Amino acid sequence: MVRSAKEPTIESQKVELKRELGLVGASSVVIGTIIGSGIFISPKGVLENTGSVALSLIVWFLSGVISLGSALCYAELATTIGKSGGTYTYLQMGVGNFLAFVYAFQTIFIIIPGVVIITLLTFAKYLVSLLPLCGSPAYLEKFIVALVAVSIVVLNCYSTRLTARFTILTTFGKLSALVAIIIGGIIALSQGTTSELGTGFKGTSNDPSSLALALYSAQWATSGGENLAILVEEVKNPQKTIPRSFILGLVIVIIVYLLANISYLAVLTKDEMLSSEAVAVTFADKALGKLAIIIPVAVMVSTVGAVNNTVFSGSRITYSAARDGILPDFLNYIQVRQYTPLGAMILTVVMTMILLAPANLGTVINYLGFVEAFFNFCVYIAFFRFRFQTMKDVERTIKVPLIIPVFMLLVNLYLFVAPLVISPQLEYAYVVAAVLGSSVLLYIPFIHFKLSLPYTDHLVAWFQMLFQVCPPTKSEAE
């Protein structure tokens, strides 16, 4: 067969990430990353810590506003800088290589695989509960986690476009389930059932620390939309699409979350919510009758969709860190036919399998949550450096009012300091020491002095031939 002179070859094409995400796809990433299992479970924690219906709804609204403010700041950073990587990239450019390395190290090797495991364990528990089994064997749950995690990584390796379509599909499933909850609440209200809605601020907690804990619960369910900034190099017309997607996605989430919480409170009593392990399931059993099976299935769809978005965006952090030279080069290699960061994807699934072995990872992830707040605080320090020093003359498509990044800076400072003041625990010091210590041990020899292990060149060559990957086109990598 003779190849046409006009037919592009792999050698003649730029090997780089392709722009496959439009407004619908990008908005689905925002919505799909935010809506996991949180809205189906977290209302209990918010109500428990606020003590009253009215204050719990205010906390949900405030949490949504915080997430929207964060998203707008990230929209300015993403459209101004234009590089994949999100928080990692902004730390690397605005604060320095070492802090960026620490962030990348703990995010890539602990946070992302840990979140994948914990989220998919929720999926596995719901799936096993629907099967005719006696109990829920731990080995079966872990097998399900491994199987689904590998399947999601394979999907992400195969096609960015197909992954985006899967994101849209799971987002539609999540929103459909929440709409079912909202309709159930509307029916209850139309029949005169108000349950706890009429109690207002009755029972409001006067403890400031309880309000902080309520905000943590709500933030767990409303955060994550900023991950779209990680994918900036794969968004069509990012200058317009990214800010529009952030605003559209967050507004939809805020409205749906508020209506869902009103529905919960219209049907369930306070005691029923506080005694429930999964508020949405308790609501479904009471309000939806034979249709109650919708909610466990919806939680499963939500968890799979959230993990898909975590893998999709998380692999781009690995890709960006490797491209900047603070991780091994092969981790930014791109599959020459599918144009996906295969090296980064493989690392994600390998770390997930390694961390799946321990019995309980939840405690580690919880303690690392406050470390995330520290890195977010540093991002806003970088934001002000870009705005007033290093990139002050760069034209900005979106320029948020200064009050928003100032507010976000203070919020993240509070979220970092609060656990140390409200409920100080020695484990926090252990986590910081472990993350910093391991980062220093790796950074000094391999990044600062650029040492390498023997025979790595042979392994990289084997990796390239086996998976048909190569470095991104040089002009795009610089």
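Placement of Cβ uses the backbone N, Cα and C atoms for every residue, glycine included.
Quick caveat, the model's predicted, so the values are computed rather than measured.
Per TrEMBL, the features are:
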TRANSMEM  21-41  transmembrane segment
TRANSMEM  53-77  transmembrane segment
TRANSMEM  98-123  transmembrane segment
TRANSMEM  143-160  transmembrane segment
TRANSMEM  172-191  transmembrane segment
TRANSMEM  211-233  transmembrane segment
TRANSMEM  245-267  transmembrane segment
TRANSMEM  287-307  transmembrane segment
TRANSMEM  342-361  transmembrane segment
TRANSMEM  367-388  transmembrane segment
TRANSMEM  400-422  transmembrane segment
TRANSMEM  428-449  transmembrane segment
Given the transmembrane segment (400-422), which of the listed stretches 53-77, 143-160, 342-361, 367-388, 428-449 has the most Cβ pairs that are under 8 Å apart from it? 367-388
Which one of these stretches, 143-160, 172-191, 287-307, 367-388, 428-449, has the most C-beta pairs shorter than 8 Å to the transmembrane segment (342-361)? 143-160
With pairs 6 or more apart in sequence, are the transmembrane segment (287-307) and the transmembrane segment (143-160) linked by at least 3 Cβ pairs under 8 Å? yes
Which listed stretch (53-77, 143-160, 172-191, 367-388, 428-449) has the most C-beta pairs under 8 A with the transmembrane segment (98-123)? 428-449
Positions on the same chain near the transmembrane segment (53-77), where near means CB under 8 A and six or more residues out: 30, 34, 43, 46-47, 86, 90, 196-197, 199-202, 204-205, 211, 214-215, 218-219, 221-223, 225-226, 228-229, 242-243, 246-247, 249-251, 253-254, 257-258, 261-262, 265, 270, 376, 379-380, 383, 386, 396, 398-400, 404-405, 407-408, 411
Quickly jot the same-chain residues contacting the transmembrane segment (367-388) by Cβ under 8 Å, restricted to those at least six beyond its ends, or write none. 70, 73, 76-77, 80-81, 87, 90-91, 93-95, 99, 103, 106, 110-111, 114, 216, 394, 405, 408-409, 412-413, 415-416, 419-420, 427-428, 430-432, 435
